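Notes for the one structure printed next.
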Amino acid sequence: MSFFDGIPVAPPIEVFHKNKMYLDETAPVKVNLTIGAYRTEEGQPWVLPVVHETEVEIANDTSLNHEYLPVLGHEGFRKAATELVLGAESPAIKEERSFGVQCLSGTGALRAGAEFLASVCNMKTVYVSNPTWGNHKLVFKKAGFTTVADYTFWDYDNKRVHIEKFLSDLESAPEKSVIILHGCAHNPTGMDPTQEQWKLVAEVIKRKNLFTFFDIAYQGFASGDPAADAWAIRYFVDQGMEMVVSQSFAKNFGLYNERVGNLTVVVNNPAVIAGFQSQMSLVIRANWSNPPAHGARIVHKVLTTPARREQWNQSIQAMSSRIKQMRAALLRHLMDLGTPGTWDHIIQQIGMFSYTGLTSAQVDHLIANHKVFLLRDGRINICGLNTKNVEYVAKAIDETVRAVKSNI
């Protein structure tokens, strides 16, 4: 007999399960388009040169130690991260009504923000986009939200943002509902609202007294321009809207396993900040208590040293540019093959992911017959493509959509 008898086996986390399937595959030709991480033209992880140089500098700095950071995190990092997403000239910064909280990457920021809203502010209803990142619903359910609902985001027939239903669903949301918005490079679709559409979304959220929770995991990585990628967030701030923003530095700094994140908070009344920070400290104390220093030190040094920041800008532009080239190459090969269906959405999307429109049956066929590994909803990581495998992937998709029919 065990205290743990009868515990059911949970289904595997798909993205990591598919990644393991790829690693275990013994076929001589295989392609991994699953896990959300950047890869070079050679298919390898990339340590940004500026990150490596900064790590060496930190390692040689004998003034540093391993004492605990404050509960809310590395002060310089928090300030730099908040300025990165809001802009140094943001009214929220100038009026001292914003601040950052260091968290364990984007997931930790989502969890801390969600738990705070549920336990301190008694917000229990959240809306996430349909489709959305696979972890959003789980995080908010575990944080204490009792209603986790969807708003329409994707037009599956026309492969575009379904702005009409998006706005209609927001209109129907109860007052004080939390609305999760992807700041840029929507995961999994890779398609963002236009600036005019963002303005419509902001108008409804403000008028209906809904609460905005932005999740921005790809700032700078999406377009190569950190300011452009944060446009929607800065517009909402300019409209006088309160919000929290989950930031991740996994993709744009390549610091996946350092778990570097920030929760930027924007309020309308600076007088509430002391209470907010004190209650947030209790939320974090009961979770990870104190955040790790290494990744935060790297990001802080890079963002606050002009020469290093310029190096970082060049790196994110290089990553963004390679992704765009691979999108164009995949589309070109599909067009050359005369692949049935419409595929222009591949180059209309941004960031590392493409929501291909492939069905689950077609995904199973691609994996079984071509050893091209991707998620069941048809999401592919464009970073997994390179000049050596993109034609193979296009031919695999072409054979698959001819063999396994759908309405693409």
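Quick reminder: no glycine exception, Cβ is built from N, Cα and C everywhere.
The model shown is predicted, which means the values in this text are computed figures rather than measured ones.
Quick look at what Swiss-Prot lists:
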BINDING   G36, W133, N187, R379  L-aspartate binding site
MOD_RES   K251  N6-(pyridoxal phosphate)lysine
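Projection of Swiss-Prot feature records onto the structure.
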residue	record	Cβ within 10 Å
G36	L-aspartate binding site	21
W133	L-aspartate binding site	22
N187	L-aspartate binding site	23
K251	N6-(pyridoxal phosphate)lysine	24
R379	L-aspartate binding site	25
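In sequence order, V15, G134, P188, F353 are the same-chain residues whose CB sits within 8 A of the CB centroid of G36, W133, N187, R379, the residues recorded for L-aspartate being left out.
On a Cα basis, K251 (N6-(pyridoxal phosphate)lysine) lies 15 Å away from W133 (L-aspartate binding site). The DSSP secondary structure for R379 (L-aspartate binding site) is strand. In this structure, the CA atom of N187 (L-aspartate binding site) is 13 Å away from the CA atom of the residue listed as 'N6-(pyridoxal phosphate)lysine'.
Rounded to a whole number, the C-alpha distance linking R379 (L-aspartate binding site) with K251 (N6-(pyridoxal phosphate)lysine) is 17 angstrom. When the Cα atoms are compared, K251 (N6-(pyridoxal phosphate)lysine) and G36 (L-aspartate binding site) turn out to be 8 Å apart. According to DSSP, N187 (L-aspartate binding site) sits in a coil region rather than a helix or strand. The L-aspartate site in the record is lined by G36, W133, N187, R379, and its two most distant CA atoms lie 11 Å apart.
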